[in-house]
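Heads up: the structure comes next, in structure tokens.
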Amino acid sequence: MKRFLKIVLPLIGALALFWSFWASHGWLELCAGLALFLFGMQCLEEGLRQLAGSRLEQLLGRATATPFKGLMFGISGTMLLQSSTLVSLLTIAFISTGLIQLAGGIAILFGANLGSTSGIWLLALLGHNLSLSPLALPLLVVGVLAGFTGERGKGIGRVLLGIAFIFLGIDQIKDGFAGFGGAADFSAYQAEGLAGQLGFVAVGLLATVVLQSSHATLMLTLAALGAGQLTLGPALAIAIGANVGTSVTTAFVGSLGGNRCGQRLALAHVIFNVVTAVVALALLAPLTWVVHWLSEPLGLGDNALIQLALFHTLFNALGVALFWFWQARLAHLLERLLPERREPAVLITELAQPVAPPQQTHARYLSERALDSADSAASAVAQELQHLTRLSLEVICHAIYLPIDLLQHPERLDDALLVGRPSDQSLDAEQLYQRHIKGVYGDLLAFMGRLDTPLDEQHQSFWLSSQVAALQLVDAVKDSKHLQKNLGHYLRGDESAARQAYVELRRHLLQALQEIRALSRSELPEERWRERLAWLDDQAASFDAAFRRQLFEAVRSHTLDGLQMSSLMNDLGYASRIIQSLRNALMLGDAQELTRQLRSVEADDGPVIVQA
């Protein structure tokens, strides 16, 4: 039934739309102009981001040093990209991955709202009678030709094409309104009383949500004003609604996933826009008087387009002024309303093998919005690698039948625990791998494959290091699966030389895991850190050599047979590969500053992994 509806409903919608085009040529021109306008904005955005590369993201990281810098970045970024929603969503992506703080993100949002007025001023100053199509045609030609001149030329070409399509869209929208004639004359409707004002606010809000662009909503409003089909009062209310509508997309994207930082910033955007809208509505009459008072001395008293642009700037500036000195308190309020989710002490909480197939664990930090930029994607991958590392260590501890909290508290280890027999209810490493590792690893690979942003050399190196690190972690878990079978068999058996050898192998692997975890959290100087890593390598090599000698001596003394020795030699190889894989994943974080994040196995102050 769902599949049927997915086919039938869009078909009915398309048929209804085509019928409306046939019934009204003015409506067709209006929709075509709107499509050209939105496509032009998309081309402009893509071209500017292609030209900027990672510089925009780097500037964003530096622009939040002070609230004023954040405000100016929001203004300039929105003026450049001509999309406050894009700047807001990009900021959410950066704050979600920890690249900027909440207070800096709030200042950028303020600037984005102010910067959004630039496009309205441009459209208003161009006027209603000036045709932009003659300018658009040469831009189309040059834009297409520029696309054949290399990567930078493609970016320039997309920008020129975007401007051309925007110009064509504006003219088409104006022609569409002119084609309506009296059929779409809303000038008789006035935003009188609270109900009338709220009605036009709702129109602006819904139009912005549907079109996903306040610029498009205000372009339609300006065109209707210029055609005399809308008066200034309703237009001002629509502008207020369009401002609120921009926060709906931000709120929706921010609510996705589990990152509290992004949710806080999205909520801040909603609070700012809603409060600003309420204040603007309450002061609509005084603000309208101020607009007339400012425009009349300039001879613009009868220019409704300029008055709408002026009003849009005034009430956004009023909102920034209201919130500017309360930024820190707003951030604290949001942190109280949306506190951080406490990280569980243990990720794998099974106490016995599940009867029914359990739900697969998936990535925590890989949101679609993080793919908007190379820096936010890299930060999200680094966080997810920490998550995968933690899961991997837990699975390995289950595979060798030891409590997980021994990684953090080596002093709790005693011989009775090491030589003890595993419980019959111990978890199977193969099932743990299928449930907790495979899904996260698959999500990581899919996320990396979806990144479609130009990467500089540093980011390319990080991407390769991340892929190798994830593979090393998965290889370590797979080796632990193979190790668990013989380890469990001999540890549950009677006392023997083979059993004692497996106890020593388990001790060695646990000590190596403890050292790797300690290194991952260490703040030692670089040289000292490398010395400890070299010491770990020496210890592993020394144990391998000594363990092999002991096995051959045991065979010569007939305390081990050939079958037992072959099992022990194979499992020594598995243990060595587990240590080497984890060590390699840790070492990948040493190549450059960006990949240094890969060192951190877990950033929690509490226990990393605790036996459930």
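Using the three backbone atoms N, Cα and C, a Cβ is placed for every residue, glycine included.
Annotated by TrEMBL as transmembrane segment, the relevant range among 10-32, 102-124, 217-239 is 102-124. Counted over residue pairs 6 or more apart, the CB atoms of the transmembrane segment (102-124) and the transmembrane segment (71-95) come under 8 Å in at least three pairs, which marks the two as touching.
Listed by sequence, the residues of this chain that lie at least six past the ends of the transmembrane segment (130-148) yet keep a Cβ under 8 A from its Cβ atoms are 154, 156-161, 163-165, 167-168, 170-171.
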